[in-house]
Amino acid sequence: MSRQATPPTSSTSPPHLGPLVAVVTAASAGVLVGLALTATTPVAGIAHVGTAVRVGLPIARVAIDLAAVFATGFALLPLLAGGRTPASSAPVFAKARLGVVASALVWAAAALASLVLQAAEYRPADTALSFADLTSYVSTVAAGKALLVVAGFALSQALIGLAAIRLGPRVPPELVVGCGLFALLPLPVTGHAGDSHLAEYAMVLVELHIVSVVAWTGGLAVTVALVARHRGLLAVVLPRFSRLATICLGVAAATGLLNGIAEFVQHPTVRLWPGLVTTAYGQLLLAKVVALAAVAALGGYLRWKLMPGVVRHRRTALVTFAVVELAIMGLAFGFAAVLSRTPLV
(Lines of atoms letter the chains of each structure in order from A and count residues from 1; the text may use other names and numbers.)
(Lines give C-alpha, C1' and ligand atoms only; values in the text may rest on other atoms or scores of the structure.)
Protein backbone atom coordinates (compact mmCIF):
# COMPACT_ATOMS: atom_id res chain seq x y z
CA MET A 1 0.00 0.00 0.00
CA SER A 2 1.44 3.38 -0.94
CA ARG A 3 1.84 6.00 1.76
CA GLN A 4 -0.33 9.07 1.32
CA ALA A 5 1.74 12.22 1.05
CA THR A 6 1.28 14.90 3.65
CA PRO A 7 -0.51 17.82 2.01
CA PRO A 8 1.38 21.07 1.96
CA THR A 9 0.41 23.59 4.56
CA SER A 10 -1.12 26.79 3.30
CA SER A 11 0.83 29.97 3.87
CA THR A 12 -2.36 31.55 5.18
CA SER A 13 -2.30 29.29 8.26
CA PRO A 14 -2.57 31.17 11.56
CA PRO A 15 0.70 31.75 13.41
CA HIS A 16 1.77 29.73 16.45
CA LEU A 17 1.13 32.04 19.39
CA GLY A 18 2.68 29.65 21.91
CA PRO A 19 6.28 30.88 21.44
CA LEU A 20 5.30 34.53 21.87
CA VAL A 21 3.11 33.81 24.90
CA ALA A 22 5.88 31.71 26.45
CA VAL A 23 8.41 34.55 26.24
CA VAL A 24 6.04 37.16 27.68
CA THR A 25 4.76 34.94 30.50
CA ALA A 26 8.21 33.74 31.52
CA ALA A 27 9.66 37.25 31.40
CA SER A 28 6.90 38.46 33.71
CA ALA A 29 7.68 35.60 36.08
CA GLY A 30 11.37 36.48 35.93
CA VAL A 31 10.58 40.07 36.93
CA LEU A 32 8.54 38.87 39.92
CA VAL A 33 11.30 36.50 41.05
CA GLY A 34 13.89 39.24 40.63
CA LEU A 35 11.80 41.71 42.61
CA ALA A 36 11.43 39.15 45.39
CA LEU A 37 15.20 38.65 45.53
CA THR A 38 15.86 42.39 45.67
CA ALA A 39 12.95 43.38 47.92
CA THR A 40 15.23 44.48 50.76
CA THR A 41 18.05 45.87 48.64
CA PRO A 42 18.35 49.66 49.02
CA VAL A 43 19.41 51.70 45.99
CA ALA A 44 22.15 54.09 47.06
CA GLY A 45 21.48 57.74 46.25
CA ILE A 46 17.82 57.26 45.29
CA ALA A 47 14.99 58.35 47.56
CA HIS A 48 12.32 55.86 48.59
CA VAL A 49 9.61 55.54 45.93
CA GLY A 50 6.18 54.01 45.92
CA THR A 51 5.45 50.41 45.07
CA ALA A 52 3.91 51.38 41.72
CA VAL A 53 7.16 52.98 40.56
CA ARG A 54 9.38 50.27 42.03
CA VAL A 55 7.39 47.49 40.34
CA GLY A 56 6.55 49.47 37.23
CA LEU A 57 10.16 50.23 36.31
CA PRO A 58 11.33 46.62 35.75
CA ILE A 59 8.01 45.81 34.05
CA ALA A 60 8.52 48.73 31.67
CA ARG A 61 12.11 47.63 31.09
CA VAL A 62 11.13 44.07 30.27
CA ALA A 63 8.42 45.45 27.96
CA ILE A 64 11.14 47.42 26.15
CA ASP A 65 13.27 44.29 25.90
CA LEU A 66 10.47 42.02 24.64
CA ALA A 67 9.22 44.57 22.12
CA ALA A 68 12.80 44.86 20.87
CA VAL A 69 13.02 41.06 20.64
CA PHE A 70 9.85 40.75 18.58
CA ALA A 71 10.57 43.77 16.36
CA THR A 72 14.05 42.44 15.62
CA GLY A 73 12.80 38.91 15.03
CA PHE A 74 10.08 40.00 12.61
CA ALA A 75 12.56 42.25 10.79
CA LEU A 76 15.14 39.45 10.51
CA LEU A 77 12.77 36.94 8.91
CA PRO A 78 13.18 38.14 5.29
CA LEU A 79 16.98 38.03 5.71
CA LEU A 80 16.84 34.52 7.16
CA ALA A 81 14.66 33.39 4.27
CA GLY A 82 16.99 34.78 1.62
CA GLY A 83 15.91 35.82 -1.85
CA ARG A 84 14.75 32.46 -3.23
CA THR A 85 11.44 31.93 -1.47
CA PRO A 86 8.29 30.74 -3.25
CA ALA A 87 5.50 33.18 -4.01
CA SER A 88 3.23 31.14 -1.72
CA SER A 89 5.29 32.44 1.24
CA ALA A 90 4.17 36.03 0.66
CA PRO A 91 1.49 35.94 3.41
CA VAL A 92 4.14 34.92 5.94
CA PHE A 93 6.26 37.97 5.16
CA ALA A 94 3.17 40.19 5.18
CA LYS A 95 2.52 39.05 8.76
CA ALA A 96 6.15 39.72 9.63
CA ARG A 97 5.89 43.30 8.34
CA LEU A 98 2.77 43.86 10.45
CA GLY A 99 4.63 42.37 13.39
CA VAL A 100 7.49 44.85 12.95
CA VAL A 101 5.12 47.81 13.05
CA ALA A 102 3.15 46.58 16.06
CA SER A 103 6.26 45.62 18.04
CA ALA A 104 8.06 48.87 17.25
CA LEU A 105 5.07 50.92 18.42
CA VAL A 106 4.96 48.96 21.69
CA TRP A 107 8.72 49.47 21.98
CA ALA A 108 8.35 53.25 21.67
CA ALA A 109 5.42 53.34 24.12
CA ALA A 110 7.33 51.25 26.68
CA ALA A 111 10.36 53.55 26.39
CA LEU A 112 8.19 56.60 27.04
CA ALA A 113 6.46 54.87 29.96
CA SER A 114 9.86 54.01 31.40
CA LEU A 115 10.89 57.65 31.00
CA VAL A 116 7.90 58.79 33.06
CA LEU A 117 8.56 56.19 35.76
CA GLN A 118 12.26 57.03 35.98
CA ALA A 119 11.45 60.73 36.25
CA ALA A 120 9.00 59.90 39.05
CA GLU A 121 11.74 57.96 40.82
CA TYR A 122 14.21 60.80 40.37
CA ARG A 123 11.96 63.57 41.73
CA PRO A 124 11.50 64.32 45.46
CA ALA A 125 9.03 61.86 46.96
CA ASP A 126 6.61 64.49 48.29
CA THR A 127 5.88 66.27 44.99
CA ALA A 128 3.69 65.36 42.05
CA LEU A 129 5.32 64.63 38.71
CA SER A 130 4.97 67.51 36.26
CA PHE A 131 6.01 68.15 32.69
CA ALA A 132 8.78 70.36 34.06
CA ASP A 133 10.05 67.36 36.04
CA LEU A 134 10.15 65.31 32.83
CA THR A 135 12.05 67.95 30.88
CA SER A 136 14.44 68.44 33.79
CA TYR A 137 15.07 64.70 33.99
CA VAL A 138 15.76 64.47 30.26
CA SER A 139 18.10 67.46 30.31
CA THR A 140 20.11 66.37 33.36
CA VAL A 141 20.10 62.54 33.34
CA ALA A 142 21.64 60.44 30.57
CA ALA A 143 19.02 57.71 30.95
CA GLY A 144 16.28 60.20 30.06
CA LYS A 145 18.03 61.18 26.84
CA ALA A 146 18.68 57.52 26.02
CA LEU A 147 15.01 56.60 26.40
CA LEU A 148 13.98 59.42 24.07
CA VAL A 149 16.48 58.19 21.48
CA VAL A 150 15.14 54.64 21.86
CA ALA A 151 11.58 55.87 21.35
CA GLY A 152 12.66 57.88 18.31
CA PHE A 153 14.40 54.96 16.60
CA ALA A 154 11.52 52.62 17.46
CA LEU A 155 9.03 55.02 15.89
CA SER A 156 11.30 55.31 12.86
CA GLN A 157 11.34 51.52 12.55
CA ALA A 158 7.53 51.51 12.72
CA LEU A 159 7.35 54.08 9.91
CA ILE A 160 9.79 52.11 7.76
CA GLY A 161 7.73 49.00 8.53
CA LEU A 162 4.59 50.79 7.31
CA ALA A 163 6.43 51.64 4.10
CA ALA A 164 7.41 47.97 3.77
CA ILE A 165 3.76 46.94 4.16
CA ARG A 166 2.86 49.24 1.29
CA LEU A 167 5.88 48.65 -0.95
CA GLY A 168 6.81 45.07 -0.01
CA PRO A 169 10.35 43.88 -0.77
CA ARG A 170 11.21 47.19 -2.41
CA VAL A 171 12.00 48.40 1.13
CA PRO A 172 15.33 46.74 2.01
CA PRO A 173 14.92 44.48 5.06
CA GLU A 174 18.42 45.53 6.14
CA LEU A 175 17.05 49.05 6.67
CA VAL A 176 14.32 47.77 8.98
CA VAL A 177 16.78 45.62 10.95
CA GLY A 178 19.36 48.40 11.15
CA CYS A 179 16.92 50.92 12.56
CA GLY A 180 15.95 48.46 15.27
CA LEU A 181 19.58 47.73 16.12
CA PHE A 182 20.26 51.44 16.58
CA ALA A 183 17.35 51.56 19.04
CA LEU A 184 19.06 48.84 21.10
CA LEU A 185 22.28 50.78 21.67
CA PRO A 186 21.45 53.85 23.85
CA LEU A 187 20.25 52.16 27.05
CA PRO A 188 23.35 50.04 27.80
CA VAL A 189 25.51 53.16 28.17
CA THR A 190 23.34 54.34 31.09
CA GLY A 191 23.47 51.14 33.16
CA HIS A 192 26.15 49.52 35.31
CA ALA A 193 28.61 49.60 32.43
CA GLY A 194 28.39 53.38 32.14
CA ASP A 195 29.48 53.78 35.77
CA SER A 196 32.56 51.60 35.37
CA HIS A 197 36.10 52.95 35.27
CA LEU A 198 36.43 50.64 32.25
CA ALA A 199 33.30 52.20 30.77
CA GLU A 200 34.41 52.19 27.13
CA TYR A 201 35.09 48.47 27.11
CA ALA A 202 32.18 47.56 29.38
CA MET A 203 29.66 49.40 27.22
CA VAL A 204 30.84 47.65 24.07
CA LEU A 205 30.50 44.29 25.83
CA VAL A 206 27.00 45.11 27.08
CA GLU A 207 25.86 46.29 23.65
CA LEU A 208 27.22 43.14 21.99
CA HIS A 209 25.49 41.07 24.67
CA ILE A 210 22.13 42.76 24.14
CA VAL A 211 22.26 42.65 20.33
CA SER A 212 23.19 38.96 20.32
CA VAL A 213 20.52 37.93 22.83
CA VAL A 214 17.80 39.97 21.11
CA ALA A 215 18.64 38.58 17.66
CA TRP A 216 18.80 35.02 19.00
CA THR A 217 15.54 35.17 20.95
CA GLY A 218 13.63 37.19 18.37
CA GLY A 219 14.80 35.06 15.48
CA LEU A 220 13.73 31.84 17.20
CA ALA A 221 10.37 33.20 18.38
CA VAL A 222 9.37 34.54 14.97
CA THR A 223 10.71 31.53 13.07
CA VAL A 224 8.58 29.18 15.15
CA ALA A 225 5.55 31.48 15.32
CA LEU A 226 5.29 32.27 11.60
CA VAL A 227 7.24 29.59 9.73
CA ALA A 228 6.80 26.33 11.67
CA ARG A 229 3.61 25.39 9.76
CA HIS A 230 5.28 25.90 6.37
CA ARG A 231 7.76 23.07 5.98
CA GLY A 232 9.34 24.20 2.74
CA LEU A 233 10.09 27.68 4.07
CA LEU A 234 11.13 26.28 7.47
CA ALA A 235 13.69 24.02 5.78
CA VAL A 236 15.33 27.18 4.39
CA VAL A 237 14.98 29.49 7.40
CA LEU A 238 15.90 27.17 10.28
CA PRO A 239 19.43 26.24 9.11
CA ARG A 240 20.21 29.91 8.50
CA PHE A 241 18.86 30.84 11.90
CA SER A 242 20.80 28.01 13.53
CA ARG A 243 24.08 29.44 12.24
CA LEU A 244 23.11 32.89 13.51
CA ALA A 245 22.07 31.45 16.88
CA THR A 246 25.41 29.68 17.31
CA ILE A 247 27.26 32.97 16.84
CA CYS A 248 24.85 34.78 19.16
CA LEU A 249 25.26 32.10 21.85
CA GLY A 250 29.04 32.46 21.83
CA VAL A 251 28.89 36.26 21.94
CA ALA A 252 26.21 36.33 24.65
CA ALA A 253 28.04 33.84 26.87
CA ALA A 254 31.43 35.54 26.56
CA THR A 255 30.20 39.11 27.00
CA GLY A 256 27.81 38.24 29.83
CA LEU A 257 30.52 36.39 31.75
CA LEU A 258 33.06 39.19 31.29
CA ASN A 259 30.59 41.88 32.34
CA GLY A 260 29.53 39.99 35.45
CA ILE A 261 33.11 39.35 36.54
CA ALA A 262 34.05 42.98 35.83
CA GLU A 263 31.35 44.23 38.21
CA PHE A 264 32.87 42.24 41.07
CA VAL A 265 36.49 43.01 40.17
CA GLN A 266 35.83 46.76 40.22
CA HIS A 267 33.86 46.76 43.48
CA PRO A 268 35.94 48.01 46.42
CA THR A 269 34.53 45.60 49.02
CA VAL A 270 32.50 42.78 47.43
CA ARG A 271 34.52 39.90 45.99
CA LEU A 272 33.43 37.46 43.31
CA TRP A 273 33.26 34.73 45.92
CA PRO A 274 31.17 34.70 48.08
CA GLY A 275 29.46 37.69 46.42
CA LEU A 276 27.90 35.44 43.78
CA VAL A 277 25.76 33.73 46.42
CA THR A 278 25.48 36.38 49.15
CA THR A 279 24.32 39.38 47.09
CA ALA A 280 21.10 39.85 45.14
CA TYR A 281 23.18 40.93 42.13
CA GLY A 282 25.20 37.72 42.28
CA GLN A 283 22.12 35.53 42.67
CA LEU A 284 20.44 37.12 39.65
CA LEU A 285 23.67 36.74 37.68
CA LEU A 286 23.83 33.04 38.56
CA ALA A 287 20.19 32.66 37.53
CA LYS A 288 21.04 34.14 34.13
CA VAL A 289 24.02 31.79 33.75
CA VAL A 290 21.85 28.76 34.53
CA ALA A 291 19.21 29.96 32.05
CA LEU A 292 21.85 30.47 29.35
CA ALA A 293 23.26 26.98 29.91
CA ALA A 294 19.78 25.48 29.66
CA VAL A 295 18.89 27.25 26.41
CA ALA A 296 22.29 26.31 24.97
CA ALA A 297 21.55 22.64 25.68
CA LEU A 298 18.08 22.89 24.15
CA GLY A 299 19.46 24.77 21.15
CA GLY A 300 22.08 22.07 20.63
CA TYR A 301 19.41 19.38 20.68
CA LEU A 302 17.30 21.36 18.22
CA ARG A 303 20.25 21.79 15.85
CA TRP A 304 21.71 18.28 15.93
CA LYS A 305 18.61 16.15 16.49
CA LEU A 306 15.60 18.02 15.12
CA MET A 307 16.96 20.14 12.27
CA PRO A 308 17.87 17.19 9.99
CA GLY A 309 14.21 16.17 10.04
CA VAL A 310 13.10 19.74 9.38
CA VAL A 311 15.40 19.97 6.35
CA ARG A 312 13.78 16.75 5.03
CA HIS A 313 10.32 18.29 5.54
CA ARG A 314 9.42 15.79 8.27
CA ARG A 315 7.20 16.41 11.27
CA THR A 316 9.31 17.06 14.38
CA ALA A 317 8.93 18.27 17.97
CA LEU A 318 10.46 21.62 16.99
CA VAL A 319 7.65 23.77 18.37
CA THR A 320 7.62 22.02 21.74
CA PHE A 321 11.36 22.35 22.28
CA ALA A 322 11.36 25.92 20.98
CA VAL A 323 8.59 26.95 23.38
CA VAL A 324 10.56 25.55 26.33
CA GLU A 325 13.71 27.30 25.12
CA LEU A 326 11.86 30.59 24.69
CA ALA A 327 10.27 30.31 28.13
CA ILE A 328 13.72 29.98 29.69
CA MET A 329 14.94 32.91 27.60
CA GLY A 330 11.96 34.92 28.83
CA LEU A 331 12.91 34.16 32.44
CA ALA A 332 16.42 35.40 31.70
CA PHE A 333 15.01 38.64 30.26
CA GLY A 334 12.98 39.12 33.44
CA PHE A 335 16.06 38.54 35.60
CA ALA A 336 18.05 40.95 33.43
CA ALA A 337 15.41 43.68 33.75
CA VAL A 338 15.76 43.60 37.55
CA LEU A 339 19.54 43.04 37.41
CA SER A 340 19.99 46.25 35.41
CA ARG A 341 18.65 48.17 38.43
CA THR A 342 20.27 46.10 41.18
CA PRO A 343 23.40 47.52 42.84
CA LEU A 344 26.25 45.27 43.86
CA VAL A 345 26.12 45.66 47.65
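Glycine too: its Cβ is placed from the backbone N, Cα and C atoms.
No curator has checked TrEMBL annotations; they are predicted automatically.
Given the structure is predicted, the values throughout are model-derived calculations rather than measurements.
So that you can see what the record holds, here are the features copied from TrEMBL:
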type	residues	note
TRANSMEM	20-39	transmembrane segment
TRANSMEM	59-77	transmembrane segment
TRANSMEM	98-117	transmembrane segment
TRANSMEM	137-163	transmembrane segment
TRANSMEM	175-194	transmembrane segment
TRANSMEM	206-229	transmembrane segment
DOMAIN	237-339	domain 'Copper resistance protein D'
TRANSMEM	241-261	transmembrane segment
TRANSMEM	281-304	transmembrane segment
TRANSMEM	316-339	transmembrane segment
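The transmembrane segment (137-163) is in contact with the transmembrane segment (59-77), judged by 3+ CB-CB distances under 8 Å for residue pairs 6 or more apart in sequence.
Outside the transmembrane segment (59-77), and at least 6 residues removed from its termini, the chain residues within Cβ reach (under 8 Å) are 20, 23-24, 27-28, 30-31, 92-93, 96-97, 99-100, 103-104, 106-107, 110-111, 113-114, 117, 150, 154, 157, 161, 173, 176-177, 180-181, 183-184, 187, 214-215, 217-223, 226-227, 237, 330, 333-334, 336-337, 340-341. Annotation: stretch 316-339 has the most Cβ pairs under 8 Å to the transmembrane segment (281-304), among 98-117, 175-194, 206-229, 241-261, 316-339. Residues 9, 13, 15-20, 23, 65, 68-74, 76-77, 80, 92, 95-96, 99, 181, 184-185, 187-189, 191-193, 237-238, 241, 244-245, 247-249, 251-252, 255-256, 259, 318-319, 322-323, 325-326, 329, 332-333 of the same chain lie 6+ residues outside the transmembrane segment (206-229) yet bring a C-beta within less than 8 angstroms of a C-beta in it. In terms of C-beta pairs under 8 Å, the stretch of 20-39, 175-194, 241-261, 316-339 lying closest in packing to the transmembrane segment (98-117) is 175-194. DSSP labels the residues of the domain 'Copper resistance protein D' (237-339) in these numbers: 91 helix, 0 strand, 12 coil. Residues of the same chain lying 6 or more positions beyond the ends of the transmembrane segment (20-39) and with a Cβ under 8 Å from any Cβ of it are 54-55, 58-59, 62, 65-66, 69-70, 217, 221, 225, 280, 283-284, 287, 323-324, 326-339, 342.
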